[in-house]
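Have a look at the structure below before the remarks.
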Amino acid sequence: MNETENYHLVRGTILHDRYRIEEVLGMGGFGITYSVIDEKLQQKVAIKEYLQGETATRVPGTKEVIIYDGEAGEQFRAGREKFIEESEKLANLRSEQEVVHIFDYFEENNTAYIVMELLIGETLRERMNRVHRIPVQEAIQILIPVLNGLEKVHAQGLLHRDIAPDNIFLLSSGEVKLFDFGASRYAVTQKSRSLTVQVKSGYTPVEQYQSHGNQGTWTDVYAAAAVFYHMVTGEIPPDSMERMTADTLVPLSKKAVGVRESLSNAVMNALNVFPENRTPTAEMFRNEICAEEVKRRAEEKKKEDIGKMPLWQKCAVAGAIAIALGGAAYVASGAGIRDIARFSNPASSAVRVPNFVNIDLSAAEAMAKDTGIRINVVSKKYSNEILRNRIIEQNVGSGEEVPAEGTVDVVVSAGIQPTNVPDVTGIPKDDALSALGAADLIASFSEEYSYFKPGIVMGQSLEAGSMVDTGSEISVTLSGGYQDVSLKGQGTVGDFTGRFLDEAGQQAQQDHYYIERSGLEYSDTVPRGAVIRQEPAANATIDYYDVVRLVVSDGRERTKVPSVELTEQSAARQLLEDAGLTVEITEISSESVAKGLVMVQDPVADTELEKGSVVHLTVSGGTLANVAATEQRQAAQSQAAQQQAAQQQAAQQQAAQQKAAQQQAAQQQAAQQKAAQQQAAQQQAAQQKAAQQQAAQQKAAQQQAAQQQAAQQQTAKQQNKGGAEAAVSDDAFAKLMGG
């Protein structure tokens, strides 16, 4: 890790009694660049602080630089002296528009500083990343100022030695400027030559790979031509070290449409591998760029250029690499290294170890095989300087001897440490700063009118939950509140539960109050980003421009993927399962990773996943012959990808079938329930009708019985009356007779 990374000066620090630190613009192996306010002139400028991480440090939060003892301290002091010397020379170019202007330089806090103009615009690298290619005439308009600037720099006895798209600045005004001079030379001493060379693959000529290479004005010419070639073709030229053994550089006229032969020849002359064949000066290169006729100067390769050089040294030139401000060092890799890596002595039982540092792992494996040794990956480390999958350290130094078939342990770069972008929308600036700082992100702030409470974050440039490199910049927009807050009165709070923040904000704006996100909570039922609850509650009455605080769903519970690379398979599985994740494993052979160790994990460590998500592990199955291992690895990766795609497709099909079956079952169940309900209703209706009929029959029977009983009673009554009358007649008759 770059030691300057955590030890920059804090915001508000005053330098030289006039320069107030605002923010960090960039950090590299040799120093830190800040945006500052010149309080004397009340203008923004940039300051570069000399702080080489390998030779000095600083206690975080303090100003003084602590210089290491011994040779490291000597390197620091010599580099600081060079830093000031070259600042003095560059200050002489203050009137030249093609070179960044140096306003001041001074020593303080045991180190040195350069004060320069603050450039507004973009680097050529940023432009290339956006457009890929630049039209020929526009590229010439960029190259000519670069060459003009180099001519003036060379006239001061200086070399740039780091011409690349990163160090060419395109101002918003249309001007082109060179910056970041001399970074690779600040640590040069007679006692140590290990930090005297800076390389960027494709732009760096061969002499810069050598600690005692013949460097001169032609060195910058090569890099400038490489930049032009990249601008016009969209491709970086092959590495110069590879071109020494097999020059695969295609002429510019055959790579880009509309390039005249004279222009192509001028560029190819400046890109000649060997300095003696190359265009010697920036002035000559500029003249050839503009000339109507230019003859191609063919390369004259001399056997002694590479044939007399021990082959291990050809690979080990990378040992002289230094990391410059804001840039990473690169060395030749791939086929070029394989062709020159065989340097073992067949008559001896010992072999000399190549320099593997900053070499891609696959290329290092090939070098090791050609040398007659093996490399063993013992760990991986994050690095801001060494690209992912390149070697950071080796336990046996370059040029030292080991037994034939011996092993060299290496540490491999895991690249820049990733970080999860936190969700800071809807929270106060200080809370957002803390969250972004904890994620190692660099924040810049702006302000706009908004329905969020003033001072609350209303937007962020990086998507929440995404993975980015630590040290990445994130733009944060703060709310300035409403433009007009003159309205007086009260309003009713809406019901925001289940609604997203932008919907809530639009309602709040319509009803003249503010919103603020007061918390995040996991939820299995409320979608991520939607409101779970609010304070005050819905329908409450509040004054205009008061604040409604919202607790927002963070979705289903998630977990960070633990780092398991180079961990034994069973332990890796346990770690992942303990984190609530599911594990899938693919096994492939490896020449450099011990059997049973995890080689690659996907997703990478620190990615946030919902619990139950799948993490794919690629595990070493042990070593085979290098060619067979490579083929098997490629086949296994392809097969794994196909299997994964097939599994995903099968899972999707199964899910679709299950969904269809569930829908069909639900429909059938609904139909059955409906039929049963209809049948029950019919049965109930029939039963009711039968009951009614039975009741009617019973009523009729009762009526008939009553009628019959009445008739019987009437008959009996009549009979009784007749008997009585007969008895009376008999008595009367008897009386008459007796009387």
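Cβ coordinates come from backbone N, Cα and C, glycine included.
TrEMBL does not curate its annotations; it predicts them automatically.
Feature annotations, courtesy of TrEMBL:
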BINDING   K48  ATP binding site
COMPBIAS  670-719  compositional bias 'Low complexity'
DOMAIN    19-290  domain 'Protein kinase'
DOMAIN    347-414  domain 'PASTA'
DOMAIN    415-480  domain 'PASTA'
DOMAIN    487-554  domain 'PASTA'
DOMAIN    555-621  domain 'PASTA'
REGION    670-739  region 'Disordered'
Could you give me the DSSP helix, strand and coil counts for the domain 'PASTA' (415-480)?
10 helix, 27 strand, 29 coil
Where does the mean pLDDT land for the domain 'PASTA' (555-621)?
90
Using a 10 Å cut-off, grab the number of neighbouring Cβ atoms around the Cβ of K48 (ATP binding site), all chains included.
27
Counting a contact as 3 or more Cβ pairs under 8 Å, with residues at least 6 apart in sequence, do the domain 'PASTA' (555-621) and the domain 'PASTA' (347-414) touch?
yes
When DSSP states are grouped into helix, strand and coil, how many residues of the domain 'PASTA' (487-554) land in each?
11 helix, 29 strand, 28 coil
Using DSSP, how many residues of the compositional bias 'Low complexity' (670-719) fall into helix, strand and coil, respectively?
50 helix, 0 strand, 0 coil
